[in-house]
Each structure stands twice: as C-alpha cells, then as structure tokens.
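**Q** Taken from TrEMBL, the feature active site, proton acceptor covers K35, Y257. Annotated N6-(pyridoxal phosphate)lysine per TrEMBL: K35, in sequence order. What TrEMBL records for R133, M305 is substrate binding site. The feature domain 'Alanine racemase C-terminal' is assigned by TrEMBL to 236-364.
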Amino acid sequence: MNHSWVEINLGQLRKNIRSIRSAVNPGPEIIFVVKADAYGHGLLPIAQAASEESVRWFTVAYLDSAIALREILPEAHLLVMGYIDPQQIDLLFENRILPIITDLEHGLALASEARSRRKVLDVHLKIDTGMGRLGVQWDDVAGAMEKLNSAGGLNVTGVCSHFAKVEPNAPVDATLQAERFKVAMECVPPTAFKHLSSSRAALYFPEWDFDGVRQGIDLYGYGAADPAGRFLTSPILEWKTRVVQVKSVPPGFPVGYYGTHTTEYPTQIATVAVGYADGYNRSLSNRGDVLIGGRRCAVVGRVSMNWITVDVGPDANVKVGDVVTLIGRQGEEAIWASELSQICRTIPYEILTSINSSLKRKYIEQ
Ligand SMILES: Cc1ncc(COP(=O)(O)O)c(C=O)c1O
C-alpha cells in the first residue's frame, strides 16, 4: 500500500505491433527498440510478448541488455546501438550479438580483435547523416569502408543512420539526411540490411522504410495518435498507487513543504503514496492531476520524496486504500505520459523511463 506499481497491458502491445505491421507490410522488419529497460516497461516481458507476435529484431543501448535478451530469444537478431568495447568481442561471438561500428577507429579495433581470434565479426555500420552523434560521417564512408575491407575481420551486414528531426509538413532536414544515407549506401555491400527511420519517420514516410524500421515510442503507444499517420497505437503502461491518508481541512490551510499551496475553501486533502524518488516529477507540484474514483484531482503543494498531496474536494468520499491513477485511465478520464511531459517541459520518453525500475511491474493481457 505504501508503494506505487506499474501495470503493463501486453494485449495492447500486441495490438500496437499488429497495427504497425499491417501498415508497413509487406516490407520492412520492425526493429523493436527496447533500450532503457524497454522505455521503463521491463525488458524481458516486453521482448517476449513482441517475439510471440513474430518481431524478429530487437535493439538496445548496452551489451548486458542484449545478453539478457539472448537468454530468452535464441533466434532473434540483437543489435547494440551503443559503443561496445572491442575487448568484449568474445561476448559478441558467444551470444551472436551485432554491434554497430561507431567510427573508423572503433571498427578497426573490433577488426583487429576479430582477426586475432581468426574469426569474422558481423557488424552494422552507423553513419552520421546529420544527427551529430555516433557514426562515421556520411561523406567519409567510402574511405572508411576501404580501410575496414583491407583490415579484414569484419563483415558489414548492415548499415544504419538516425534522423535528428522529422517534421511531416516540412521534411527538408530529414530529406537531406535520407539523401546522404543513400549516397553512403553506395559504398557498402548491396546486400547490407539498411535501416534509417525511427517512430516518427515510420509514421509519415514509407519511402524511408528500407529493410527495417527502428521503432520504440510508437510501440509503447505514444506519438502515433494522428489519423493522418500510417498507423495508430495506444499507451500500454498505467502507473497506480493508493491513498494513505485523508484529512478535512479549513480554508487557509498550508499544504506541503514551504506551504506553496494554501486551501481557499474547506476541503479534504488526500496523501498519496508516490514521490519524486519513485520518478514522479517534482515539476508536477501544484500543476499535475491524478485520477481518484474516476475524477481528476489536483496535486497541491510540493511533490515530496515519497508522497504527494491531492485536493479531493469537500464532498468526495475518498478513503484510505483507494486506488490513485497517476498515468492511465479511470472511466472516462485519462492522464497519459504526454500530458505529464507537457507540464514538466519534457517528452513522454523521459516520463516513462524515469519511473523507478524497482517498482513492481504487473503484466496483464487485456
Ligand atoms: C538510434 C536510435 N534509433 C531508434 C530510436 C527509437 O526512437 P523512437 O522511440 O522515437 O522510435 C532511438 C531512440 O532513442 C535511437 O536512439
């Protein structure tokens, strides 16, 4: 009762996968982005459910996540998008994990480790077409490929890049990136598996699907609610907790640290078991809402480490133990991570990945 919990609807995840697949079929693979513990949803249960829906490709940021995935997905293609220390190459071979080459030096170091074991490592080459982050610069790819080929030890089975900005109504920057990607692709083996788009590009631009689309946020149900897009998805995560105290208070009653809220009328203040230590953003102080008994109630006073205080109104029949929905639906009302992210001036990704990973995740099929 003193801890919030997270409910993940795997049935809705399956619907999201089917919705995307029916829009992009026949054609590219869904490369499910399950980094950051599947955007806070729990790596293994999410990947298992997706694999049951015939998703064959998964990508993560770190090697340890890929090794954990390999234990439950013996056949899947597993791609690590972050930097992999060449000294860890044995783990790549043992677990059949694909690294990306983040730059020429990295590629040559991996090649040298592979050669010293008399092996050939399958890799994907990351190309920087405008993100300014990981990857060989798009106009250096020809030279890099020449050096990698003559070094030996690597088999470039895939090639990828990442969009910095996708504006469906003014795609000038994304178009430039896609053009650069096409130029760079002429320097890699024609059989290489090509992937460029993530969720937003996949939603609006079929011409950039190539062989696979790396999709994260839309599979978790965000960013794909526009009827003009190719597919629709819905959120799969709800975050809930309980009321731990209700008190009736007079007007002029200060609530929480530094009394940043003072009641204007006689009301009831419910103390609710969640705080910033659980990942409930402190910017929601005096600004967020929660759902109790199907009604929106305002968060009043500052969000503290383990509790928040909520004005449930003078007439509400709210009791200790009542369920409070922080993210999710109660009847006609819903609060999603997108709403919280606007209040907190961030993005749904950060709201979702900030939910403390130690909180219990319950997986349901609905
Ligand atoms: C390289 C790369 N590809 C794909 C994705 C997935 O993006 P999205 O969740 O917007 O689909 C990310 C997310 O951060 C990424 O870093």
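Placement of Cβ uses the backbone N, Cα and C atoms for every residue, glycine included.
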**Q** Considering Cα atoms only, can you say which of R133, Y257, M305 is the nearest neighbour of K35 (active site, proton acceptor) among these recorded positions?
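**A** Result: the closest of the recorded positions to K35 (active site, proton acceptor) is R133.
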**Q** Cβ-Cβ under 8 Å from Y257 (active site, proton acceptor), same chain, 6 or more residues apart: which ones?
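**A** Counting only residues 6 or more apart in sequence, the Cβ neighbours of Y257 (active site, proton acceptor) under 8 Å are G301, R302, S304.
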**Q** Would you list the DSSP helix, strand and coil counts for the residues of the domain 'Alanine racemase C-terminal' (236-364)?
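**A** The breakdown for the domain 'Alanine racemase C-terminal' (236-364) reads 23 helix, 53 strand, 53 coil.
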**Q** If you count other Cβ atoms within 10 Å of each one's Cβ, which of the recorded positions K35, R133 has the most?
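**A** That would be K35, with the most Cβ atoms nearby.
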**Q** Roughly where does the domain 'Alanine racemase C-terminal' (236-364) sit in mean pLDDT, to the nearest integer?
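**A** So the average pLDDT across the domain 'Alanine racemase C-terminal' (236-364) works out to 98.
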**Q** Does anything in the same chain, at least 6 positions from M305 (substrate binding site), have a Cβ under 8 Å from its Cβ, and if so what?
**A** G275, Y276, A277
**Q** What does DSSP call K35 (active site, proton acceptor) in the simple three-state scheme?
**A** helix
